[in-house]
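Student: Sharing a structure, written as structure tokens. Questions coming.
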Amino acid sequence: MSGNNIKVVCRFRPQNSLENREGGVPIISIDEEGTNVQLKGEATNNFAFDKVFGMNTPQKDVFEYSIKSIVDDVTAGYNGTVFAYGQTGSGKTFTMMGADIDDENTKGIIPRIIEQIFTSINDAPSNLEFTVKVSYMEIYMEKVRDLFNPSADNLAIHEDKTRGVYVKDLCEIYVSNTAEVYLAMKNGSSNRVVAYTNMNAESSRSHSIVVITITQKNLDTGAAKSGKLYLVDLAGSEKVGKTGASGQTLEEAKKINKSLTALGMVINSLTDGKSSHIPYRDSKLTRILQESLGGNSRTTLIINCSPSSYNEAESISTLRFGMRAKSIKNKAKVNADLSPAELKALLKKVKSETITFQTYIAALEGEVSVWRNGKTLAEDKWVSLDKINKGDFNALPPASNFKALSVADDSSRPTTPSVVLEKDEREELLKRENELMDQIAEKETELANREKLLESLKEEMGYYKEQEAAVTKENQQMTSELSELKLQLQKISYESKENAINVDSLKEANQELIVELEELKKNLVEVRLAHKDSTDNEKEKKKAQKLAQIMFKLDPSSEINEKERQIRDSLHKIETEGHGSLSLEELVSLRRDLVDSKILLDQHAKTITDITQEKEILDKRKLELDGRLGKLEKEYEELLDKTIAEEEVSAQKNADMEQTLTNLKSKLEAQYASKKEMQEKEVEDLKTEISTKNDNLHKLTASLSELKDANDQLQLALSDQPMQNQNGDLTEREKELERMRKSMAKELADFETMKKVLMRDLQTRCEKVVELEMSLDETREQYQNVLRASNNKAQQKKMAFLERNLEQLTNVQKQLVEQNSSLKKEVAIAERKLIARNERIQSLETLLQDAQDKLINQNQKFEAQLQAVRERLEQARTQKSQSPMSLNFGRVAKPLRGGGAIVENGENSPTSPSEKREKRNSWIPGFMGSR
Ligand SMILES: Nc1ncnc2c1ncn2[C@@H]1O[C@H](COP(=O)(O)OP(=O)(O)OP(=O)(O)O)[C@@H](O)[C@H]1O
């Protein structure tokens, strides 16, 4: 074991587009030897390294110079570490993995190392058998994640005296060629956490570590060596401001910076020469790289830098880190397993040492018993290891229980020396630490899971809270709306009640008005009846008067009576004075008169017949007129009743009442006008007829007067007739006279009868005329009454007042009806709204219930899923413990023989079958144990 410094090389990449854009310029200057670099920026800084690679150094050169030798060391049984350090985007991944592992020029040092390993194995002697295992992990957010098995994301770091520091349960794949390694690497790389930053589109957000374990066995001696190679691509050391990190990336940056700071602290402690404690346990990175930094490892640190002035500060810091790391001293040793011969020799040596120590202890115990017994012992007799080693037992104190031990006693079990006890304590402590690390890892995983769960539950909770808040808000809104609506409904129902009361009172008022109207009607009818009664009497009187007048005017009976009286007088004279008093002429004229009278009477009779006919016609017309009048009255009554009824029944029609009244009035006026006109015309006609009849009567009177004159003449003639003539013809004359007298008397009687009949008839006709006239007057009066009734100011006023009242009431009623209907409508709408709201509330409540149910279901589902995932995880773990890798090729150890031969199923194995079995058993459990 010899102290060896960490090899530090520096690599500058070309300026990137950001630096060019920002106006950065290369500020590096590398010396000819390629070990010094000068940064000529704001200040000039010099840095010296084992090697400095310029901007255009090919991948191959970097590998050839700085890495190739490490591969040889690892195949020789040393531990080796290569790690790349630098700011983000400085080319760490480019250097370690390369731009494309299949491209000869751009592939990085890891593929080249792998190739080199297999080349070395091929080149090795054929008595050497190799196995190569690969692990791939990343430290992300201070958690170790297995990149071959990403579900194992928080692996614990353990340490024991045989394996040193290792990651527990990290998957290790046995590989037998580069292709298998590449495939495994590609799989692992796809699981890495990368993110976009301003400095690098695919910035590694974790420290990635590839561990290649090469075991070598000398088939001749049985001696074995194993070397571990750690290939570390650190996450970028970066300034948060420049990378524009935020959120998760910022959290990552903090953790990255923390582990890099811990790395710096470890390096400082290792290099300051003062620190007794190296803070490896401050971060997982430093803990895993414990052996690589100041321990059993040959380590190369690649410092990746930007050449640009834009990143000068970061480059200086990186270069200083490299300078510090340069002075770290490691103690690399070969991790060898001894051969049986070596082991035997070692056993023998240990046994003799044990005997020596046991003898020494026995001698010491003898000396102690001497001292305890109160005896003294000369100094030359004191026990010393030197005397034991020399075998000078005489120089030792005599002791009862002391006896010199020989190698033959090697079967006896020695007591545990104190030094061994210390070691046990350490082991105990390590064991305890491992346990604690396991517990921590478990707790961390649990914590992480719980955090995730909590996060998802929080999210869910947030969602449901939002939902609940929204629903509550909506609910509140709806509740307030509901209460508002309720208030409105109450108000509306109250108003409705009020309106109903108003309507009732209006109905009552209406009823009262109807009653009043009825009373008025009754009064009107009574007044009419009274008026009719009073007018009936008056009418009778008037009729009598008129009739008397007319009869007086029209009656020809006076003249006829006069003529009759004259004739009677003549006849009486004849009777008293004798027949001889009348001359023949007188008699002839008398006869003529009589004939005339008769003719006249006939004429009168005819006239009377005509008049009778006319009267009948007039009667008919009067009847017609009466009928029409009655009809009109009836119509008027009906109209009035209808109007009143309409007024009473329909308030809406009241608005048209005035119009109706006006119409009615105008209609009545028109009807009365036409009736009046007609009646006036009829009266005129009647007057004309009466005047015609008067004329006729005059004529009749005139003829009667003529008859009277004739009668007078006849009397005169009769008085002048001589006496002698009377004797001869007396008897004849007397007889003739008697006949004449008789016929005249008879005619007169007939005339009288006829006259009476005529007079009666005339009287009747006159009565009818009078009645007609009176009826006309009455109609006129009625018309006047109607006119008066309609024009009567008081009535009009009252009517107007009533109309106004009615109108107002109608309006009020109408308004109330409208209000009522609108209120009813509003109430209906409000009720509908209320129903709709209630439905909405119900639906919302249902939704809420649904959401709660859903939440419960989801929770249950989630729990079930979680359980299922746990079970699956458990299952996967169990399966994994049975079959550790998804990659088929990594399950079984693939021993590689030096010279390029693969040992297939124990073929080419130079050892005996029992040895072969041993070997397999040792590899596979070794692999299984590492799981
Ligand atoms: N030496 C180089 N020559 C050419 N291109 C390079 C070189 N070094 C890096 N690059 C390019 O620079 C970019 C960033 O490189 P890379 O991803 O290796 O940086 P990084 O240090 O790993 O960054 P991070 O820490 O963010 O992961 C890549 O596109 C890469 O191809």
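Cβ coordinates are placed from backbone N, Cα and C, and glycine is handled just like the others.
Reproduced below are the annotations present in TrEMBL:
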BINDING   G86, Q87, T88, G89, S90, G91, K92, T93  ATP binding site
COILED    423-537  coiled coil
COILED    622-879  coiled coil
DOMAIN    5-328  domain 'Kinesin motor'
REGION    897-931  region 'Disordered'
Student: Determine the binding-site residues, out of Q87, T88, G89, G91, K92, T93, lying near ligand 1 in the sense that the CB is under 6 Å from one of its atoms, and give them in sequence order.
Tutor: T88, G89, G91, K92, T93
Student: As a test of the contact definition, list every same-chain residue at least 6 positions from S90 (ATP binding site) whose Cβ is closer than 8 Å to its Cβ.
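Tutor: Same-chain residues close to S90 (ATP binding site) (Cβ under 8 Å, separated by 6 or more) are R13, G236, N304, C305, S306, N311, E314, T318.
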Student: Pick from G86, G89, G91: which of these binding-site residues has the biggest number of other Cβ atoms within 10 Å of its Cβ?
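Tutor: Of G86, G89, G91, the one with the most crowded Cβ is G86.
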Student: Hey, what's the Cβ neighbour count for T88 (ATP binding site) at 10 Å?
Tutor: 24
Student: Could you tell me which three-state DSSP class K92 (ATP binding site) falls into?
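Tutor: Its secondary structure by DSSP: helix.
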Student: Mean pLDDT across the domain 'Kinesin motor' (5-328), rounded to an integer, is what?
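Tutor: On average, pLDDT over the domain 'Kinesin motor' (5-328) sits at 86.
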